[in-house]
Amino acid sequence: MNNYLRKLVEGQHLTEEEMYKAGLLLLSENILESEIAAFLVLLKAKGETAEEIYGLVRALREKALPFSNHIQGAMDNCGTGGDGAQTFNISTTSAFVLAGAGVKVAKHGNRAVSSKTGSADLLEELGVNISSTPNEIDYLLEHVGIAFLFAPVMHPALRRIMKIRKELNVPTIFNLIGPLTNPVNLETQFVGIYKRDMLLPVAEVLQKLGRKQALVVNGSGFLDEASLQGENHVVLLKDNEIVEMSIDPEKYGFSRVKNEEIRGGNSKENAKITLEVLSGEKSVYRDTVLLNAGLALFANGKTETIEEGIKLAAHSIDSGKALTKLNLLIAASNEKLERVN
């Protein structure tokens, strides 16, 4: 590890292979917590490259719990977090809208690191069992159409690092790679990131991971979601080509809304917002979910255009299908799935 730390101190990039080996060291028991913290801080100060991100993703996926990966066509819409905006749980709420529209959603997530309420905190508050095993997740994807993959369960080697990340209380490379380490063999992906200069590198990693189609977004105000506040910077991966775009919410019929107006709170407050949105209540929260779910449906290939994606997202909510998916997940995730274990 000393060689890698020395390179980072000198501002040098690590190669993909060096980062892969460093990643295996980070996940081992043969390293001091102070070394892990130093590595994360130095890497953040230098700035992460696509090669470094992919190298660490390789290490994490290698050490993750094994999946059969017989489920075809799955999607994740997990974002990086780390934007400091304290918004409600946009991507987690949107996940049920996607599922209600017929997308198989393998939602990867964690507890809060730099926000008040992470996806795991919200789902637990709503009554979802967040500790499903790989076999149970396969079952849920096949029979319910949505499953939650709790990062500490999927990546047991990350437990030490999670503690250090919490103590550092700043975004690190683990924010960036969270959405990229889903152990399910995803076909498509919608990724919100908090760093605009990482749009292309993250898209390049998704390309290396073999995604059929993907959309990476950095929202107005550097949100890790699409925002109603103004122009959103987007990179589309389609047909193995990467294209930069911008998305203006007003073009799709939305009024501009400041990011401060979609702030969330603790898990109880955010659960209330999620239930209101999925129940069809009109609000700025709903509009934010419609924009994000609409973009994700376009990224999935479920619709040909973003406009159609937004309409399909609205139908998923207003038909009751999105809320039904939540209720089905609550029930099925809490069953004793002995038949699949």
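Sequential numbering from 1, following the chain as shown.
Even glycines carry a Cβ here, placed using N, Cα and C.
According to DSSP, Asn110 (anthranilate 1 binding site) is assigned to coil rather than to any helix or strand. Of all the Cβ atoms in the protein chains shown, 24 others lie within 10 Å of the Cβ of Asn110 (anthranilate 1 binding site). As annotated by Swiss-Prot, anthranilate 1 binding site applies to Gly79, Asn110, with the evidence given as sequence analysis.
Taken from Swiss-Prot, the feature 5-phospho-alpha-D-ribose 1-diphosphate binding site applies to Gly79, 82-83, Thr87, 89-92, 107-115, Ser119, supported by sequence analysis. Taking Cβ-Cβ distances under 8 Å and a sequence separation of 6 or more, the neighbours of Thr87 (5-phospho-alpha-D-ribose 1-diphosphate binding site) in its chain are Leu223, Glu225, Asn259, Ile262, Arg263, Gly264, Thr288.
Residues or ranges marked as Mg(2+) 1 binding site by Swiss-Prot on the basis of sequence analysis: Ser91, Glu225. Long-range C-beta contacts of Ser91 (5-phospho-alpha-D-ribose 1-diphosphate binding site), restricted to its own chain and to partners at least six residues apart, with a cutoff below 8 Å, comprise Asn77, Cys78, Gly79, Lys107, Ser119, Phe190, Gly192, Glu225, Asn292.
Arg165 (anthranilate 2 binding site): 21 other CB atoms within 10 A of its CB, across all protein chains. If you look up Swiss-Prot, you'll see Arg165 marked as anthranilate 2 binding site, on the strength of sequence analysis.
In this view, Asp224 (Mg(2+) 2 binding site) is surrounded by 27 other Cβ atoms within 10 Å of its Cβ, with every protein chain counted. Look at Swiss-Prot and you will find Asp224, Glu225 tagged as Mg(2+) 2 binding site.
In the three-state DSSP assignment, the secondary structure recorded for Gly79 (anthranilate 1 binding site) is coil. According to DSSP, Arg165 (anthranilate 2 binding site) is assigned to a helical segment. Taking Cβ-Cβ distances under 8 Å and a sequence separation of 6 or more, the neighbours of His108 (5-phospho-alpha-D-ribose 1-diphosphate binding site) in its chain are Asp76, Cys78, Leu149, Ala151, Met154, Gly178, Pro179, Thr181, Asn182, Val184. A Cα-Cα distance of 16 Å separates Arg111 (5-phospho-alpha-D-ribose 1-diphosphate binding site) from Asp224 (Mg(2+) 2 binding site). DSSP assigns Ser91 (5-phospho-alpha-D-ribose 1-diphosphate binding site) to a helix in the three-state reduction.
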